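> Right, I'll just put the structure down here and ask away after.
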Amino acid sequence: MYLKSLTLKGFKSFASPTTLRFEPGITAVVGPNGSGKSNVVDALAWVMGEQGAKTLRGSKMEDVIFAGTLSRAPLGRAEVTLIIDNSDNVLPIEYSEVSITRRMFRDGASEYEINGSSCRLMDVQELLSDSGIGREMHVIVGQGKLDQILQSRPEDRRTFIEEAAGILKYRRRKEKALRKLDAMSANLARLTDLTTELRRQLKPLSRQAEVARRAATIQADLRDARLRLAADDLVSRQGQRDAIVEAETMMRRDHDEAAARLAVASEELAAHEAALTELSGRAESVQQIWFGLSTLVERVSATIRIAGERAYHLDVDPATPSDTDPDVLEAEAQQMEVAEQQLLAELAVARTQLEAARAELADRERHAVEADKAHLEAVRAEADRREGLALLAGQVETMRARIESIDDSVARLSERIEEVTARTQQILAEFETVQGRVGELDQSEVHLDEQHERAVAALRFANERVAELQSAERDAERQVVSLRARIDALTMGLERKDGAAWLARNYSDTGLLGSIAKLVKVRPGYEAALAAVLGPAADALAVDSLGAARSALTALKEADAGRATLVLADWLADAGPACVTGLPDGAQRALDLIEAPPWLQGALIAMLYGVVVVNYLAEALGVVDICPQLRVVTVDGDLVGAGWVSGGSGRRLSTLEVTSEIDKAGAELAAAEAHMAQLNAALSGALSEQVAHSDATEQALVALNESDTAILSMYDQLGRLGQEVRAAEAEWESLLAQREELEARRVSILEEVVELETRLHNVEQIQHVHALDENSAAARQLIVAAAEEARGVEVEALLAVRTAEERVNAVCGRANSLRRAAAAEREVRLRDQQAHAARIRAAAVAAAVTDCGQLLASRLTQAVDLAARHRDALATERQQRSVAIAAVRYEVNTLRVRLATLTDSLHRDEVANVQAALRIEQLEQLVLEQFGIAPVDLIAEYGPQVALLPTELEMAEFQQARERGEQVTSPAPMPYDRATQERRAKRAERELAELGRVNPLALEEFAALEERYNFLSTQLEDVKGARKDLLDVVAEVDARILQVFSDAFVDVEREFRGVFTSLFPGGEGRLRLTDPDDMLTTGIEVEARPSGKKVSRLSLLSGGEKSLIAVAMLVAIFKARPSPFYIMDEVEAALDDVNLCRLIGVFEQLRGQSQLIIITHQKPTMEVADTLYGVTMQGDGITAVISQRMRGQQVESLVTSSS
């Protein structure tokens, strides 16, 4: 690895794009002072991640951008690109050439790229850290760096060795773990405080919960007794509804039968066919298609469940229509019409008879009056004459006026009677119209109830499906996380620290073929057995030849990197049988249990020749007795041979076993991830169905509420019309009584008028009565008797007329009412027929939906399986090939079906039996308000027919008696007894009062608090376990740092002695730890004593000597932990020619293993350079560069020309 080129654009004085191409060896950069030589060093440090502006000889980072000159405008950005030759794979990246670019803008924004791809600063630093280039940039020795090394604190000198040894990444890992520990400490303290507080609260709350539990038991007993008493009261008032309850029971039985048929039909569901089309070869597209198909499967399943629910409702028979026959009503209407005509005819005859009777009465009364008054006229004529004509005439006029007033009142009453009659008929017609509308709304209400129940059932199924899928998804996610954690833990276990690991990381010979654990495949279950037989070879590396093995072992020895086991791939061996006959059942050859590449078969035969695998140790001993030359191993890893046995517990898992476990966990992880993706797809479809069903339920509920409001309004209107009818009938009866009273008064006044007119006529005739004729008196008696008889006939005729009028009024309009009732009944029957036909059609459609849904679900399931197989195949091939796969795209014509479900029996019974419900409404309302339970449920659960089951106390006493051996019978249910239930209720009330105040929320609070305490306790244990794991990680990292630093310090100190001797012949120098007991934080002191000098402090040495000592320390680090390249900026400026020659000798030593880039003014340094770069700056302030491959004889001419 070496620096290949450096390109600068707008960096400091390099305004124009400038590329410096480097080669292995020593590259010298020369030029006058201020020409920009050190800017090359700054550019190298900057592009490799330097973040300190002062290190780059600036005050702020923006100073690296070209600031402009008098003739050149400033630039907006600086860009440096470094190309590194990585043909030896020192950098952990699969490229032979690595390009690192850093770009900075005037606004402070920075960009980093590796091989043209954007990355982070951390990525650049981690990439370079593995080659010994860290944050401190010890490979770049700039101006002032030598003084900094000697003047720095011992702890700061330590960082140079740590960076060269690659310890900084371990320190970063340790710092990360410590930060997690700090964050975890606060959580641990918080969890401890919470669990302590919760534990303190649990004890008093448990006592309250026990009291609440006892109170709940007593309250339940009291409620049960009260409910039984209320049920007894309600049953006693529901005698008239027994038939309805019986019908409801029958319909519930039909409902259960329909549900059973639905369950049987649900098992026969399949899916509709779907068409398969070609998919693209991309795994991402296959995944999307699989996800869509899984979503469709979930949606089709939800549709099938909804269709099944609707089919269940279609199996229930509707309510029996009314028994009223419209033809009978029509016949009754015709009979009423005939009766009305007959009554009208009778009324006409009665009126004719009344007129005739009145005429006869008037004639006879006239004769009677004439006869009677003829007798009196003579007697009273004299007296009347005295009274005066004026008085009689006034009385007559007064009477006539009263008669006229009565006639007017009678006429007005007759008109009002007719108006009231007409209004009554109109209200009755409106009443019947509203009643018909109520029937229509009831039918619509039934449909809306069915629709709402369907929506609610579908939503319930959707909610259950979503909850089920969410639970399954959480379980699958936990399984995936667990498997990933297991794979990570096993992978960490594969990080070996032996010679094999060193070879895998650092040895670049092509003869290395890989780890045996990754090249072979063992039959599952036999990993421990094969690992025990192979021994160290289970963790070995495969090489292609004996020569490659020799080279690898030589590299291990030179690097002192530990030991490694190598398996030769070119080994040839014969797999001849070794006593393979007579083996017991279950014994197998080890070679039959392992699969390997053909070129590795020879080595495996050599290692496993004569090895047999059995299940148990006893079998192994038996096989060795039969064939002593065999080696026998059990599946648990116990080895048996002739005269020896090896086994036991506590064996460390081999790489072969760990690799097998990783493969097994990987397969389980792939299956779990596929299952989780399938659950995600199903959950997406289920959530869509849930939202759709929720919206449908809301819409159905709104429509049902609107219908209920309309029905209540109609019932209010019916009540108002009924009140108006009753008020009109009362008014009609009152007006009729007033008219009859006025007519009677008119008859009485008319008789008085006739009498007064007769007296007035007699006075005017002025006749005197001298004698009374006895014969005329007798005739007068006969005439008066005839008049009385005629008056009786007239009264009977008048009564007959009034009776006929009342009968006519009673039947008037009854025929029309019956006809309207017949029409309404026909309309109801027509709607029932239409509903029945609709149910038949809906049943047929439901069957079609079920069949199509089953076929569609089957085809969709096949399509999902096919897509999953394609997806798994693509995942296995790891995108190595792109193939055309067949996928399924299906189209389904959505079936829109209007399904009519069964009418709810309870609702129909309530509507059909309104009058019966009104009689018990008060008691039902009382039960609902006090207990919150429906009357039907109350009777079914607490009615007199329900026996009282034994209490928990009675059963406990029975069990205790049986345990004591007593002869007791099991408590039997007790029949209902009202007196017993009343005593039971009073006893419960008394016990509840004795308990005193009860906290009703204690049970829930205690359960919630206990659950939280258990959860927090579990979390606390998890946090403690995680803290222990982190402490183990810190301890492991400290051990690693201690080992690496100790080895590195020993190597650096050794190299420092040699380099110091080279630079200071006869002198003595060494590196010393300030605190050897604390290798993690100890500093490094530099002790130097040049020849002939005895100094105790480095500050007493000359500037050249201090520079050489600093260079000696850096070179010692370079030799102990070599880096691919080093950059030195005028490190020999303070040296004389002798010391310069010595330093150049050290450079010559470093040239063999690393690339050197030196900024220098010294001619001897230029003479040893393989490549020479000349840097110059003209008056424009812009640096220019020229290069030349140099040898010693060309240096003088180039230096002269460049000056």
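Cβ from N, Cα, C; glycine included.
Annotated ATP binding site per Swiss-Prot: Pro32, Asn33, Gly34, Ser35, Gly36, Lys37, Ser38, Asn39, in sequence order, evidence recorded as sequence analysis. The coiled coil annotation in Swiss-Prot covers 167-203, 250-288, 327-497, 657-689, 720-765, 976-1030 and is backed by sequence analysis. Sequence annotations record features per position, and here Swiss-Prot assigns domain 'SMC hinge' to 511-622.
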> For the coiled coil (167-203), which stretch among 657-689, 720-765, 976-1030 has the most Cβ pairs under 8 A?
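Looking only at 657-689, 720-765, 976-1030, the most contacts with the coiled coil (167-203) come from 976-1030.
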> Run through the domain 'SMC hinge' (511-622) and tell me, per DSSP, how many residues are helix, strand and coil.
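Helix, strand and coil residues of the domain 'SMC hinge' (511-622) number 52 helix, 20 strand, 40 coil.
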> For the domain 'SMC hinge' (511-622), what is the mean per-residue pLDDT, to the nearest integer?
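For the domain 'SMC hinge' (511-622), the model's average pLDDT rounds to 72.
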> DSSP secondary structure for Pro32 (ATP binding site), reduced to helix/strand/coil, please.
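In three-state terms, Pro32 (ATP binding site) counts as coil.
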> Would you count the other C-beta atoms found within 10 angstroms of the C-beta of Ser38 (ATP binding site) for me?
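Ser38 (ATP binding site) is surrounded by 20 other Cβ atoms within 10 Å.
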> May I ask you to report the DSSP-based helix, strand or coil state of Asn39 (ATP binding site)?
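The three-state answer is helix.
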> Which of Pro32, Gly34, Gly36 (the binding-site residues) has the most other Cβ atoms within 10 Å?
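That would be Gly36, with the highest Cβ count within 10 Å.
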> Relative to the mean position of the Cβ atoms of Pro32, Asn33, Gly34, Ser35, Gly36, Lys37, Ser38, Asn39, the recorded ATP site, which additional same-chain residues have Cβ within 8 Å?
Ser13, Gly31, Val1175, Met1177, Thr1183
> Quick one: give me the count of other CB atoms within 10 A of the CB of Ser35 (ATP binding site).
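There are 20 such Cβ atoms around Ser35 (ATP binding site).
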> When the number of other CB atoms within 10 A of each residue's CB is tallied over all shown chains, which of the binding-site residues Asn33, Asn39 has the maximum?
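Answer returned by the neighbour count: Asn39.
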> Give me the long-range Cβ neighbours of Lys37 (ATP binding site): same chain, 6+ apart, Cβ under 8 Å, in sequence order.
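When sequence neighbours closer than 6 are ignored, Lys37 (ATP binding site) has Val29, Val30, Gly31, Asp1129, Ile1159, Val1175 within Cβ distance under 8 Å.
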